[in-house]
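Read the structure below first, then the notes.
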Amino acid sequence: QNSSEMPETITSRDAARFPIVASCTLLGLYLFFKIFSQEYINLLLSMYFFVLGILALSHTISPMMNRFFPANFPNKQYQLLFTQGSGESKEEIVNYEFDTKDLVCLALSSVVGVWYLLRKHWIANNLFGLAFSLNGVELLHLNNVSTGCILLGGLFIYDVFWVFGTNVMVTVAKSFEAPIKLVFPQDLLEKGLEADNFAMLGLGDIVIPGIFIALLLRFDISLKKNTHTYFYTSFVAYIFGLGLTIFIMHIFKHAQPALLYLVPACIGFPLLVALAKGEVTEMFSYESSAEILPHTPRLTHFPTVSGSPASLADSMQQKLSCPRRRRQQSPSAM
């Protein structure tokens, strides 16, 4: 329960190993699709991501939906409790408290889930994909800028090799019928919502730069200058890099590794700003602290978290503001 209150922190060692693990996973998926029937694999994956997508989307839309509920909305509290053993040896496996508003969000997300499962529509796919991306940026934290550079640099090589060096990346992306990518209909004006000719953007091209941009936001806050210079710079850099990817893709009519353009932009632009402001040393010596931006308890962690999102958030704030000494926690590995 203690570990679930904090996001997963990526260390330098994790960042260095990440491209290797990702390469092994990608190659394994490629061989899997070559050996086994693609139809049955995608059926299994569809069910798996159906459940995960509903939970992720529900968690994502919950803060927004709370604004639409009237003040007199009959919001009842519920508790889901599942234990193991009896007497003194009884152990809680699931202890999750939720309310009627959470159930409404879960019901709306389930509608999208059924739509995706039955139609595989690109809008439902993108809703789940965006929810996964936002949850990924929330769940994963970089501990410092050096680690971010190692991670982005390693995945830069990974992306270039698997896209330009082989057909593995493109084959897996096209074969994998799951919301692990955002799709953009190129024939939207001709066929409307029934478009079927898509350009793709992998969720990794959103989450990996996203956690680096989030780190720069925390760095901005740590400077206590009431400005978000590095955050906005990196955000604009991401838009520039993504636009450049699309432009090159249309010029050469070939799939492009988005990180080839996103990594230099997301690292280079903020670094130039730091050089101009004379804050390079501060940037690379900064160590991210979870207390700057407390982690919001997540619906997807319900087996290990006790309490509703609202009550847990209040509890978290009280713990962070408590003057007593907190027990140190070691960062958990990815």
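Cβ atoms here come from the backbone N, Cα and C positions, even for glycine.
What TrEMBL records for this protein:
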TRANSMEM  15-33  transmembrane segment
TRANSMEM  40-61  transmembrane segment
TRANSMEM  139-164  transmembrane segment
TRANSMEM  198-217  transmembrane segment
TRANSMEM  229-252  transmembrane segment
TRANSMEM  258-276  transmembrane segment
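Counting same-chain residues at least six beyond the ends of the transmembrane segment (258-276), those with a Cβ under 8 angstroms from any Cβ of the stretch are 148-149, 152-153, 155-156, 158-160, 201-202, 204-205, 208-209, 212-213, 216, 229-230, 233-234, 236-238, 240-242, 244-245, 248, 282-283.
By the Cβ criterion (distance under 8 Å, sequence gap of 6 or more), the transmembrane segment (139-164) is counted as touching the transmembrane segment (15-33), at least 3 such pairs being found.
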